[in-house]
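As C-alpha coordinates, the structure follows; a few thoughts come after it.
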Amino acid sequence: MDISVGPSEKTREEPMSDALQQEIAVVHHDHKILESREAYGPPGFRGLFHSHYVALCAAFSAMGGLLFGYDQGVVSVILVMPQFLDRFDRVSEHASGAGFWKGLLTAMIELGALLGALNQGWIADKISRKYSIVVAVCIFTVGSILQTAAVDYAMLTIARFIGGIGIGMLSMVAPLYISEISPPEIRGALLVLEEFSIVSGIVIAFWITYGTQYISDEWSWRLPFLLQILPGLILGIGIVFLPFSPRWLASKGRDQEALESLAKLRQLPTTDTRVLQEWYDIRAEVAFKKEISCERHPKLQDRSKTSRIKLEIASWIDCFKRGCWRRTHVGIGLTFFQQFVGINALIYYSPTLFEQMGQGHSMQLILSGVLNITQLVGVTSSVWTMDRFGRRPLLLYGSAAMFVSHLIIAVLVGKFSNDWHNHRPEGWASVAFLFLYMLSFGASWGPVPWAMPAEIFPSSLRAKGVALSTCSNWLNNFIIGLITPPLVQNTGYGAYAFFAVFCLLSLVWTFFFVPETNGRSLEQMDHVFKDFSNEEDEARRLRIEQEILQSK
(Lines of atoms letter the chains of each structure in order from A and count residues from 1; the text may use other names and numbers.)
(Lines give C-alpha, C1' and ligand atoms only; values in the text may rest on other atoms or scores of the structure.)
Protein backbone atom coordinates (compact mmCIF):
# COMPACT_ATOMS: atom_id res chain seq x y z
CA MET A 1 0.00 0.00 0.00
CA ASP A 2 1.22 3.50 -0.80
CA ILE A 3 1.81 5.29 2.51
CA SER A 4 3.03 8.59 1.11
CA VAL A 5 1.61 11.72 2.70
CA GLY A 6 -0.05 12.91 -0.49
CA PRO A 7 0.13 12.78 -4.26
CA SER A 8 1.26 15.49 -6.60
CA GLU A 9 -0.82 18.55 -7.41
CA LYS A 10 -1.74 16.96 -10.74
CA THR A 11 -3.14 13.90 -9.00
CA ARG A 12 -5.18 16.05 -6.64
CA GLU A 13 -6.87 17.84 -9.48
CA GLU A 14 -7.89 14.72 -11.36
CA PRO A 15 -11.63 14.00 -11.08
CA MET A 16 -12.69 11.02 -9.04
CA SER A 17 -13.50 7.92 -11.06
CA ASP A 18 -17.13 6.79 -11.37
CA ALA A 19 -16.34 3.53 -9.60
CA LEU A 20 -14.77 5.33 -6.66
CA GLN A 21 -17.63 7.82 -6.46
CA GLN A 22 -20.17 4.98 -6.52
CA GLU A 23 -18.25 3.12 -3.81
CA ILE A 24 -18.35 6.14 -1.49
CA ALA A 25 -21.96 6.93 -2.34
CA VAL A 26 -23.06 3.46 -1.20
CA VAL A 27 -21.66 4.17 2.26
CA HIS A 28 -23.40 7.53 2.49
CA HIS A 29 -26.80 6.07 1.73
CA ASP A 30 -26.51 3.28 4.27
CA HIS A 31 -27.35 4.49 7.77
CA LYS A 32 -25.57 1.51 9.31
CA ILE A 33 -22.34 3.25 8.48
CA LEU A 34 -20.26 1.39 11.02
CA GLU A 35 -20.91 -1.90 9.27
CA SER A 36 -19.87 -0.73 5.80
CA ARG A 37 -17.10 1.81 6.44
CA GLU A 38 -13.65 0.48 5.68
CA ALA A 39 -11.37 0.82 8.71
CA TYR A 40 -7.99 2.53 8.66
CA GLY A 41 -6.51 -0.25 10.76
CA PRO A 42 -7.11 -2.50 13.78
CA PRO A 43 -9.08 -1.00 16.68
CA GLY A 44 -7.82 -0.11 20.14
CA PHE A 45 -4.28 -0.56 21.38
CA ARG A 46 -3.00 -2.42 18.29
CA GLY A 47 -4.21 0.42 16.11
CA LEU A 48 -1.83 2.85 17.82
CA PHE A 49 1.10 1.14 16.13
CA HIS A 50 -0.66 1.09 12.76
CA SER A 51 -1.52 4.83 12.91
CA HIS A 52 1.72 5.90 14.54
CA TYR A 53 1.84 9.47 13.19
CA VAL A 54 -1.55 10.51 14.54
CA ALA A 55 -0.74 8.71 17.81
CA LEU A 56 2.42 10.82 18.17
CA CYS A 57 0.48 14.02 17.43
CA ALA A 58 -2.13 13.11 20.05
CA ALA A 59 0.50 12.17 22.64
CA PHE A 60 2.30 15.47 22.19
CA SER A 61 -0.86 17.60 22.41
CA ALA A 62 -1.89 15.69 25.55
CA MET A 63 1.06 17.27 27.39
CA GLY A 64 -1.47 19.90 28.49
CA GLY A 65 -2.90 17.24 30.79
CA LEU A 66 0.57 16.72 32.26
CA LEU A 67 0.62 20.36 33.41
CA PHE A 68 -2.78 20.00 35.09
CA GLY A 69 -1.82 16.78 36.83
CA TYR A 70 1.57 18.15 37.87
CA ASP A 71 -0.09 21.04 39.68
CA GLN A 72 -2.41 18.68 41.56
CA GLY A 73 0.48 16.49 42.63
CA VAL A 74 2.60 19.44 43.73
CA VAL A 75 -0.07 20.88 46.01
CA SER A 76 -0.83 17.63 47.85
CA VAL A 77 2.71 17.50 49.29
CA ILE A 78 3.50 21.22 49.53
CA LEU A 79 0.48 21.80 51.77
CA VAL A 80 2.14 19.71 54.51
CA MET A 81 5.74 21.02 54.08
CA PRO A 82 7.04 22.90 57.18
CA GLN A 83 9.06 25.23 54.90
CA PHE A 84 5.86 26.16 53.03
CA LEU A 85 3.81 26.58 56.20
CA ASP A 86 6.46 28.87 57.71
CA ARG A 87 5.96 31.27 54.78
CA PHE A 88 2.17 30.81 54.49
CA ASP A 89 1.12 30.24 58.09
CA ARG A 90 -2.50 31.00 57.23
CA VAL A 91 -2.94 27.42 55.95
CA SER A 92 -1.18 25.69 58.88
CA GLU A 93 -3.46 23.47 60.92
CA HIS A 94 -3.11 25.67 64.03
CA ALA A 95 -4.25 28.87 62.29
CA SER A 96 -7.79 30.15 62.64
CA GLY A 97 -9.92 29.15 59.65
CA ALA A 98 -7.07 27.09 58.18
CA GLY A 99 -9.50 24.66 56.52
CA PHE A 100 -11.13 27.45 54.53
CA TRP A 101 -7.86 29.13 53.50
CA LYS A 102 -6.34 25.81 52.48
CA GLY A 103 -9.46 24.98 50.46
CA LEU A 104 -9.42 28.41 48.82
CA LEU A 105 -5.75 28.10 47.85
CA THR A 106 -6.39 24.67 46.35
CA ALA A 107 -9.58 25.74 44.63
CA MET A 108 -8.28 28.95 43.03
CA ILE A 109 -6.69 27.01 40.20
CA GLU A 110 -10.09 25.42 39.48
CA LEU A 111 -11.76 28.84 39.46
CA GLY A 112 -9.17 30.13 36.98
CA ALA A 113 -9.53 26.96 34.91
CA LEU A 114 -13.30 27.48 34.77
CA LEU A 115 -12.75 30.92 33.25
CA GLY A 116 -10.07 29.60 30.88
CA ALA A 117 -12.18 26.68 29.63
CA LEU A 118 -15.21 28.91 29.09
CA ASN A 119 -13.25 31.33 26.88
CA GLN A 120 -11.27 28.68 25.05
CA GLY A 121 -14.38 27.67 23.09
CA TRP A 122 -14.51 30.82 20.95
CA ILE A 123 -10.70 31.18 20.91
CA ALA A 124 -10.26 27.65 19.50
CA ASP A 125 -12.92 28.35 16.86
CA LYS A 126 -11.36 31.69 15.96
CA ILE A 127 -7.60 31.06 15.72
CA SER A 128 -7.55 27.23 15.44
CA ARG A 129 -7.10 24.44 17.95
CA LYS A 130 -3.31 24.38 17.85
CA TYR A 131 -2.71 28.14 18.09
CA SER A 132 -5.10 28.37 21.04
CA ILE A 133 -2.80 25.88 22.79
CA VAL A 134 0.07 28.37 22.33
CA VAL A 135 -2.02 31.13 23.97
CA ALA A 136 -2.84 28.80 26.88
CA VAL A 137 0.82 27.90 27.42
CA CYS A 138 1.79 31.60 27.57
CA ILE A 139 -0.79 32.28 30.29
CA PHE A 140 0.22 29.15 32.20
CA THR A 141 3.90 30.18 32.10
CA VAL A 142 3.10 33.60 33.61
CA GLY A 143 1.17 31.90 36.42
CA SER A 144 4.02 29.45 37.09
CA ILE A 145 6.59 32.26 37.34
CA LEU A 146 4.38 34.14 39.81
CA GLN A 147 3.84 30.99 41.92
CA THR A 148 7.59 30.42 42.06
CA ALA A 149 8.18 34.01 43.19
CA ALA A 150 5.23 34.22 45.63
CA VAL A 151 6.03 36.04 48.90
CA ASP A 152 2.63 36.03 50.61
CA TYR A 153 -0.72 34.23 50.56
CA ALA A 154 -2.44 36.81 48.35
CA MET A 155 0.26 36.67 45.65
CA LEU A 156 0.27 32.87 45.64
CA THR A 157 -3.51 32.75 45.37
CA ILE A 158 -3.59 35.18 42.43
CA ALA A 159 -0.72 33.32 40.76
CA ARG A 160 -2.62 30.04 41.03
CA PHE A 161 -5.69 31.71 39.54
CA ILE A 162 -3.66 32.91 36.51
CA GLY A 163 -2.01 29.52 36.09
CA GLY A 164 -5.45 27.96 36.35
CA ILE A 165 -6.70 29.98 33.36
CA GLY A 166 -3.96 28.41 31.22
CA ILE A 167 -4.63 24.93 32.56
CA GLY A 168 -8.37 25.28 31.92
CA MET A 169 -7.74 26.33 28.33
CA LEU A 170 -5.41 23.36 27.78
CA SER A 171 -7.80 20.89 29.40
CA MET A 172 -10.53 21.96 27.00
CA VAL A 173 -8.64 22.16 23.71
CA ALA A 174 -6.31 19.14 23.97
CA PRO A 175 -9.13 16.51 23.94
CA LEU A 176 -10.90 18.56 21.26
CA TYR A 177 -7.84 18.51 19.00
CA ILE A 178 -7.18 14.81 19.64
CA SER A 179 -10.78 13.82 18.83
CA GLU A 180 -10.73 15.80 15.58
CA ILE A 181 -7.51 14.25 14.25
CA SER A 182 -8.16 10.65 15.34
CA PRO A 183 -9.55 7.79 13.20
CA PRO A 184 -12.65 6.22 14.80
CA GLU A 185 -10.98 2.85 15.50
CA ILE A 186 -8.46 4.31 17.96
CA ARG A 187 -10.11 7.58 19.05
CA GLY A 188 -10.90 6.17 22.48
CA ALA A 189 -7.34 4.96 23.03
CA LEU A 190 -5.93 8.33 21.94
CA LEU A 191 -8.33 10.31 24.12
CA VAL A 192 -7.18 8.21 27.08
CA LEU A 193 -3.80 9.92 26.60
CA GLU A 194 -5.28 13.09 28.15
CA GLU A 195 -6.13 11.31 31.41
CA PHE A 196 -2.88 9.32 31.21
CA SER A 197 -0.96 12.60 31.01
CA ILE A 198 -2.92 14.06 33.93
CA VAL A 199 -2.17 11.12 36.19
CA SER A 200 1.44 10.94 34.99
CA GLY A 201 1.79 14.60 35.96
CA ILE A 202 0.36 13.85 39.40
CA VAL A 203 2.82 10.97 39.94
CA ILE A 204 5.85 12.92 38.66
CA ALA A 205 5.04 16.01 40.73
CA PHE A 206 4.34 13.99 43.87
CA TRP A 207 7.67 12.23 43.85
CA ILE A 208 9.57 15.41 42.89
CA THR A 209 8.08 17.25 45.86
CA TYR A 210 8.60 14.20 48.06
CA GLY A 211 12.32 14.59 47.26
CA THR A 212 12.50 18.40 47.49
CA GLN A 213 10.88 18.41 50.95
CA TYR A 214 14.34 17.57 52.31
CA ILE A 215 15.73 20.90 51.03
CA SER A 216 15.96 23.05 54.15
CA ASP A 217 15.02 26.42 52.64
CA GLU A 218 12.10 27.72 50.56
CA TRP A 219 13.39 26.10 47.36
CA SER A 220 11.81 22.94 48.73
CA TRP A 221 8.48 24.27 47.39
CA ARG A 222 9.63 26.93 44.91
CA LEU A 223 11.61 24.46 42.78
CA PRO A 224 8.61 22.21 41.97
CA PHE A 225 6.65 25.30 40.86
CA LEU A 226 9.57 26.37 38.67
CA LEU A 227 10.04 22.97 37.00
CA GLN A 228 6.50 22.92 35.57
CA ILE A 229 7.46 25.72 33.16
CA LEU A 230 9.69 23.36 31.14
CA PRO A 231 7.03 20.96 29.74
CA GLY A 232 4.79 23.96 29.10
CA LEU A 233 7.41 25.60 26.88
CA ILE A 234 8.04 22.33 25.02
CA LEU A 235 4.31 22.02 24.31
CA GLY A 236 3.90 25.67 23.27
CA ILE A 237 6.77 25.55 20.78
CA GLY A 238 6.26 22.01 19.46
CA ILE A 239 2.51 22.28 18.82
CA VAL A 240 3.18 24.83 16.06
CA PHE A 241 4.70 22.07 13.92
CA LEU A 242 1.69 19.71 14.17
CA PRO A 243 -1.05 19.67 11.49
CA PHE A 244 -4.19 21.77 11.78
CA SER A 245 -7.38 19.90 12.66
CA PRO A 246 -8.96 18.93 9.31
CA ARG A 247 -12.39 19.49 10.83
CA TRP A 248 -11.48 23.04 11.89
CA LEU A 249 -10.13 23.73 8.39
CA ALA A 250 -13.37 22.44 6.83
CA SER A 251 -15.43 24.64 9.18
CA LYS A 252 -13.53 27.64 7.77
CA GLY A 253 -14.20 26.62 4.15
CA ARG A 254 -10.59 25.52 3.57
CA ASP A 255 -11.64 22.17 2.09
CA GLN A 256 -8.51 21.37 0.10
CA GLU A 257 -6.28 22.09 3.10
CA ALA A 258 -8.56 19.86 5.16
CA LEU A 259 -8.05 17.00 2.70
CA GLU A 260 -4.27 17.45 2.74
CA SER A 261 -4.18 17.62 6.54
CA LEU A 262 -6.36 14.50 6.78
CA ALA A 263 -4.12 12.61 4.34
CA LYS A 264 -1.03 13.63 6.31
CA LEU A 265 -2.57 12.47 9.59
CA ARG A 266 -3.63 9.15 8.05
CA GLN A 267 -0.28 8.81 6.20
CA LEU A 268 -2.20 7.97 3.02
CA PRO A 269 -2.57 9.64 -0.39
CA THR A 270 -5.44 12.07 -0.91
CA THR A 271 -6.93 9.65 -3.46
CA ASP A 272 -7.35 6.86 -0.91
CA THR A 273 -11.02 5.83 -0.66
CA ARG A 274 -11.03 5.91 3.14
CA VAL A 275 -9.53 9.39 3.27
CA LEU A 276 -12.00 10.71 0.68
CA GLN A 277 -14.94 9.13 2.46
CA GLU A 278 -13.95 10.76 5.76
CA TRP A 279 -13.35 14.07 3.97
CA TYR A 280 -16.83 13.98 2.43
CA ASP A 281 -18.36 13.10 5.80
CA ILE A 282 -16.62 16.09 7.38
CA ARG A 283 -17.76 18.47 4.64
CA ALA A 284 -21.32 17.14 4.71
CA GLU A 285 -21.47 17.60 8.48
CA VAL A 286 -20.21 21.20 8.18
CA ALA A 287 -22.67 22.05 5.38
CA PHE A 288 -25.58 20.42 7.21
CA LYS A 289 -24.96 22.36 10.43
CA LYS A 290 -24.49 25.63 8.52
CA GLU A 291 -27.87 25.18 6.83
CA ILE A 292 -29.48 24.54 10.21
CA SER A 293 -27.78 27.65 11.63
CA CYS A 294 -29.01 29.78 8.71
CA GLU A 295 -32.56 28.56 9.27
CA ARG A 296 -32.44 29.17 13.01
CA HIS A 297 -30.73 32.57 12.78
CA PRO A 298 -31.56 34.04 9.33
CA LYS A 299 -31.07 37.66 10.46
CA LEU A 300 -27.53 37.08 11.72
CA GLN A 301 -25.86 36.01 8.46
CA ASP A 302 -24.70 39.42 7.15
CA ARG A 303 -21.20 39.03 8.72
CA SER A 304 -21.38 42.42 10.49
CA LYS A 305 -19.61 42.72 13.84
CA THR A 306 -22.89 42.94 15.74
CA SER A 307 -24.31 39.91 13.94
CA ARG A 308 -21.16 37.88 14.59
CA ILE A 309 -21.38 38.63 18.33
CA LYS A 310 -25.08 37.75 18.41
CA LEU A 311 -24.44 34.58 16.40
CA GLU A 312 -21.67 33.58 18.82
CA ILE A 313 -24.08 33.97 21.76
CA ALA A 314 -26.82 32.13 19.85
CA SER A 315 -24.48 29.21 19.12
CA TRP A 316 -23.88 28.77 22.87
CA ILE A 317 -27.64 28.71 23.40
CA ASP A 318 -27.97 26.16 20.56
CA CYS A 319 -26.08 23.66 22.74
CA PHE A 320 -29.24 23.44 24.85
CA LYS A 321 -31.72 23.24 21.96
CA ARG A 322 -33.13 20.37 19.89
CA GLY A 323 -30.40 18.51 18.07
CA CYS A 324 -27.79 19.03 20.79
CA TRP A 325 -29.30 19.16 24.28
CA ARG A 326 -28.92 15.39 24.84
CA ARG A 327 -25.20 15.66 24.10
CA THR A 328 -24.81 18.70 26.37
CA HIS A 329 -26.59 16.80 29.14
CA VAL A 330 -24.26 13.82 28.75
CA GLY A 331 -21.11 15.98 28.51
CA ILE A 332 -21.91 18.07 31.59
CA GLY A 333 -23.22 15.06 33.52
CA LEU A 334 -20.07 13.02 32.93
CA THR A 335 -17.78 15.76 34.20
CA PHE A 336 -20.09 16.47 37.16
CA PHE A 337 -19.96 12.89 38.37
CA GLN A 338 -16.23 12.63 37.63
CA GLN A 339 -15.66 15.14 40.42
CA PHE A 340 -18.45 14.12 42.81
CA VAL A 341 -17.34 10.50 43.02
CA GLY A 342 -14.53 11.96 45.14
CA ILE A 343 -11.35 11.62 43.11
CA ASN A 344 -9.76 15.03 43.62
CA ALA A 345 -10.66 15.00 47.30
CA LEU A 346 -8.44 11.91 47.56
CA ILE A 347 -5.64 13.39 45.42
CA TYR A 348 -5.49 16.76 47.18
CA TYR A 349 -5.95 15.51 50.72
CA SER A 350 -4.72 11.91 50.63
CA PRO A 351 -2.03 12.51 53.33
CA THR A 352 -4.75 13.86 55.63
CA LEU A 353 -7.01 10.88 54.85
CA PHE A 354 -4.21 8.38 55.55
CA GLU A 355 -3.55 10.16 58.85
CA GLN A 356 -7.23 9.64 59.65
CA MET A 357 -6.68 5.93 58.99
CA GLY A 358 -3.91 5.77 61.60
CA GLN A 359 -0.79 6.07 59.40
CA GLY A 360 2.37 7.99 60.42
CA HIS A 361 3.64 11.09 58.56
CA SER A 362 6.25 9.32 56.41
CA MET A 363 3.87 6.46 55.58
CA GLN A 364 1.14 9.00 54.72
CA LEU A 365 3.28 10.52 51.98
CA ILE A 366 4.55 7.18 50.64
CA LEU A 367 1.04 5.74 50.48
CA SER A 368 -0.21 8.89 48.73
CA GLY A 369 2.47 8.44 46.06
CA VAL A 370 1.65 4.76 45.60
CA LEU A 371 -2.06 5.67 45.44
CA ASN A 372 -1.36 7.89 42.44
CA ILE A 373 0.65 5.11 40.76
CA THR A 374 -2.35 2.81 41.27
CA GLN A 375 -4.54 5.29 39.41
CA LEU A 376 -1.97 5.38 36.61
CA VAL A 377 -2.18 1.57 36.32
CA GLY A 378 -5.96 1.84 35.98
CA VAL A 379 -5.69 4.53 33.31
CA THR A 380 -3.13 2.47 31.38
CA SER A 381 -5.58 -0.43 31.19
CA SER A 382 -8.18 1.82 29.55
CA VAL A 383 -5.88 2.38 26.53
CA TRP A 384 -6.87 -1.18 25.62
CA THR A 385 -10.36 -1.46 27.15
CA MET A 386 -11.81 1.85 25.88
CA ASP A 387 -12.04 0.66 22.27
CA ARG A 388 -12.26 -3.04 23.14
CA PHE A 389 -15.32 -2.95 25.43
CA GLY A 390 -16.66 0.58 24.89
CA ARG A 391 -17.24 3.62 27.08
CA ARG A 392 -20.55 2.64 28.69
CA PRO A 393 -19.48 -0.68 30.29
CA LEU A 394 -16.39 0.95 31.80
CA LEU A 395 -18.55 3.63 33.45
CA LEU A 396 -21.09 1.14 34.84
CA TYR A 397 -18.56 -1.29 36.32
CA GLY A 398 -16.40 1.58 37.58
CA SER A 399 -19.35 3.17 39.42
CA ALA A 400 -20.21 -0.13 41.10
CA ALA A 401 -16.63 -0.78 42.27
CA MET A 402 -16.19 2.78 43.58
CA PHE A 403 -19.50 2.65 45.45
CA VAL A 404 -18.54 -0.56 47.23
CA SER A 405 -15.09 0.83 48.11
CA HIS A 406 -16.43 4.08 49.57
CA LEU A 407 -19.15 2.28 51.50
CA ILE A 408 -16.74 -0.16 53.17
CA ILE A 409 -14.26 2.63 54.00
CA ALA A 410 -17.08 4.69 55.55
CA VAL A 411 -18.07 1.76 57.78
CA LEU A 412 -14.49 1.02 58.88
CA VAL A 413 -13.60 4.67 59.55
CA GLY A 414 -16.89 5.22 61.38
CA LYS A 415 -16.35 2.22 63.68
CA PHE A 416 -12.62 2.30 64.36
CA SER A 417 -11.27 5.82 63.73
CA ASN A 418 -11.21 6.64 67.43
CA ASP A 419 -8.85 3.76 68.20
CA TRP A 420 -6.74 2.79 65.18
CA HIS A 421 -3.89 1.78 67.48
CA ASN A 422 -5.82 -1.31 68.58
CA HIS A 423 -7.37 -1.93 65.17
CA ARG A 424 -4.41 -1.90 62.79
CA PRO A 425 -5.86 -4.60 60.45
CA GLU A 426 -9.01 -2.52 59.97
CA GLY A 427 -6.86 0.53 59.19
CA TRP A 428 -4.95 -1.35 56.52
CA ALA A 429 -8.23 -2.73 55.14
CA SER A 430 -9.39 0.87 54.68
CA VAL A 431 -6.16 1.64 52.84
CA ALA A 432 -6.67 -1.43 50.61
CA PHE A 433 -10.17 -0.33 49.58
CA LEU A 434 -8.87 3.17 48.92
CA PHE A 435 -6.44 1.59 46.46
CA LEU A 436 -9.27 -0.44 44.90
CA TYR A 437 -11.25 2.77 44.49
CA MET A 438 -8.32 4.51 42.79
CA LEU A 439 -7.72 1.57 40.44
CA SER A 440 -11.42 1.48 39.50
CA PHE A 441 -11.58 5.22 38.91
CA GLY A 442 -8.43 5.18 36.77
CA ALA A 443 -9.90 2.46 34.56
CA SER A 444 -13.30 4.10 34.11
CA TRP A 445 -14.40 7.53 35.34
CA GLY A 446 -10.89 8.92 34.93
CA PRO A 447 -10.52 8.64 31.13
CA VAL A 448 -14.10 8.38 29.83
CA PRO A 449 -15.36 11.85 30.90
CA TRP A 450 -12.35 13.38 29.13
CA ALA A 451 -12.95 11.27 26.01
CA MET A 452 -16.70 11.39 25.40
CA PRO A 453 -17.42 15.15 25.43
CA ALA A 454 -14.75 15.65 22.77
CA GLU A 455 -16.42 13.15 20.41
CA ILE A 456 -20.19 13.62 20.84
CA PHE A 457 -20.84 17.20 19.71
CA PRO A 458 -21.53 18.29 16.10
CA SER A 459 -18.72 20.12 14.32
CA SER A 460 -20.34 23.57 14.49
CA LEU A 461 -20.82 23.34 18.27
CA ARG A 462 -17.99 20.98 19.21
CA ALA A 463 -15.66 23.59 20.70
CA LYS A 464 -18.47 25.17 22.69
CA GLY A 465 -19.88 21.82 23.81
CA VAL A 466 -16.48 20.65 25.00
CA ALA A 467 -15.99 24.03 26.71
CA LEU A 468 -19.28 23.61 28.60
CA SER A 469 -18.34 20.08 29.65
CA THR A 470 -14.88 21.18 30.76
CA CYS A 471 -16.38 24.12 32.67
CA SER A 472 -18.59 21.66 34.50
CA ASN A 473 -15.46 19.70 35.43
CA TRP A 474 -13.70 22.76 36.82
CA LEU A 475 -16.74 24.22 38.57
CA ASN A 476 -17.38 20.96 40.40
CA ASN A 477 -13.65 20.54 41.02
CA PHE A 478 -13.74 24.00 42.63
CA ILE A 479 -16.71 23.02 44.82
CA ILE A 480 -15.02 19.75 45.88
CA GLY A 481 -11.82 21.65 46.72
CA LEU A 482 -13.75 23.98 49.01
CA ILE A 483 -15.99 21.48 50.79
CA THR A 484 -13.57 18.58 51.31
CA PRO A 485 -11.36 20.03 54.12
CA PRO A 486 -14.29 20.92 56.42
CA LEU A 487 -16.12 17.74 55.37
CA VAL A 488 -13.17 15.54 56.39
CA GLN A 489 -12.40 17.64 59.46
CA ASN A 490 -15.96 17.73 60.82
CA THR A 491 -17.57 14.47 59.67
CA GLY A 492 -14.78 11.87 59.37
CA TYR A 493 -16.46 8.86 57.77
CA GLY A 494 -19.22 11.13 56.47
CA ALA A 495 -16.98 12.22 53.59
CA TYR A 496 -16.81 8.63 52.29
CA ALA A 497 -20.56 8.13 52.72
CA PHE A 498 -21.16 11.38 50.83
CA PHE A 499 -19.06 10.24 47.87
CA ALA A 500 -20.54 6.71 47.99
CA VAL A 501 -24.00 8.17 47.35
CA PHE A 502 -22.75 9.97 44.25
CA CYS A 503 -21.02 6.82 43.00
CA LEU A 504 -24.37 5.04 43.16
CA LEU A 505 -26.14 7.95 41.45
CA SER A 506 -23.51 7.91 38.67
CA LEU A 507 -24.29 4.25 37.98
CA VAL A 508 -28.05 4.91 37.70
CA TRP A 509 -27.54 8.00 35.53
CA THR A 510 -25.14 6.23 33.17
CA PHE A 511 -27.50 3.29 32.75
CA PHE A 512 -30.37 5.52 31.60
CA PHE A 513 -28.69 8.36 29.72
CA VAL A 514 -25.23 7.53 28.33
CA PRO A 515 -25.14 5.89 24.86
CA GLU A 516 -22.23 3.93 23.40
CA THR A 517 -19.99 5.86 20.98
CA ASN A 518 -17.30 3.23 20.49
CA GLY A 519 -16.22 2.82 16.83
CA ARG A 520 -18.40 5.62 15.49
CA SER A 521 -16.95 8.52 13.53
CA LEU A 522 -17.59 12.05 14.80
CA GLU A 523 -19.99 12.57 11.90
CA GLN A 524 -22.10 9.56 12.98
CA MET A 525 -23.03 10.98 16.39
CA ASP A 526 -26.36 12.29 15.02
CA HIS A 527 -27.38 8.64 14.66
CA VAL A 528 -26.00 7.68 18.08
CA PHE A 529 -28.03 10.41 19.82
CA LYS A 530 -30.99 10.05 17.43
CA ASP A 531 -30.78 13.74 16.58
CA PHE A 532 -32.31 13.32 13.14
CA SER A 533 -35.66 14.36 14.53
CA ASN A 534 -37.64 13.83 11.38
CA GLU A 535 -37.51 12.62 7.79
CA GLU A 536 -36.88 16.17 6.56
CA ASP A 537 -33.53 16.30 8.38
CA GLU A 538 -32.59 12.90 6.99
CA ALA A 539 -33.45 14.01 3.46
CA ARG A 540 -31.50 17.25 3.88
CA ARG A 541 -28.38 15.36 4.99
CA LEU A 542 -28.61 12.95 2.03
CA ARG A 543 -29.12 15.85 -0.39
CA ILE A 544 -25.99 17.61 0.91
CA GLU A 545 -23.95 14.42 0.60
CA GLN A 546 -25.13 13.94 -2.98
CA GLU A 547 -24.25 17.54 -3.87
CA ILE A 548 -20.74 17.14 -2.46
CA LEU A 549 -20.21 13.85 -4.29
CA GLN A 550 -21.49 15.24 -7.59
CA SER A 551 -19.32 18.35 -7.30
CA LYS A 552 -16.22 16.16 -7.83
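Numbers here mean position along the shown chain, with the first residue as 1.
Glycine residues also receive a Cβ, built from the backbone N, Cα and C atoms like all the rest.
Automated prediction, rather than curation, is the source of TrEMBL annotations.
Here is what TrEMBL says about this protein:
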- 57-518: domain 'Major facilitator superfamily (MFS) profile' (DOMAIN)
- 53-80: transmembrane segment (TRANSMEM)
- 100-119: transmembrane segment (TRANSMEM)
- 131-151: transmembrane segment (TRANSMEM)
- 157-178: transmembrane segment (TRANSMEM)
- 190-210: transmembrane segment (TRANSMEM)
- 225-244: transmembrane segment (TRANSMEM)
- 330-350: transmembrane segment (TRANSMEM)
- 362-383: transmembrane segment (TRANSMEM)
- 395-416: transmembrane segment (TRANSMEM)
- 428-445: transmembrane segment (TRANSMEM)
- 466-487: transmembrane segment (TRANSMEM)
- 493-514: transmembrane segment (TRANSMEM)
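Per-residue pLDDT, averaged along the domain 'Major facilitator superfamily (MFS) profile' (57-518), amounts to 88 for this model. The transmembrane segment (53-80) shares the most Cβ pairs under 8 Å with 225-244, out of the stretches 100-119, 131-151, 225-244, 466-487. Long-range neighbours of the transmembrane segment (466-487) within the same chain, counting only residues 6 or more positions beyond its ends whose Cβ lies under 8 Å from a Cβ of the stretch, are 99-100, 102-104, 106-107, 110-111, 113-114, 117-118, 120-121, 168, 171-172, 175-176, 316, 319, 328, 331-332, 334-336, 338-340, 342, 344-345, 348-349, 352, 449, 453-454, 457, 494-495, 498. For the transmembrane segment (395-416), same-chain residues at least 6 beyond its ends with a Cβ under 8 Å from one of its own Cβ atoms are 341-342, 356-357, 423, 426-427, 429-430, 433-434, 436-437, 440-441, 443-445, 448, 492-494, 496-497, 499-500, 503-504, 506-507, 510-511, 514.
Counting Cβ pairs closer than 8 Å and at least 6 residues apart in sequence, the transmembrane segment (362-383) and the transmembrane segment (100-119) reach fewer than three and form no contact.
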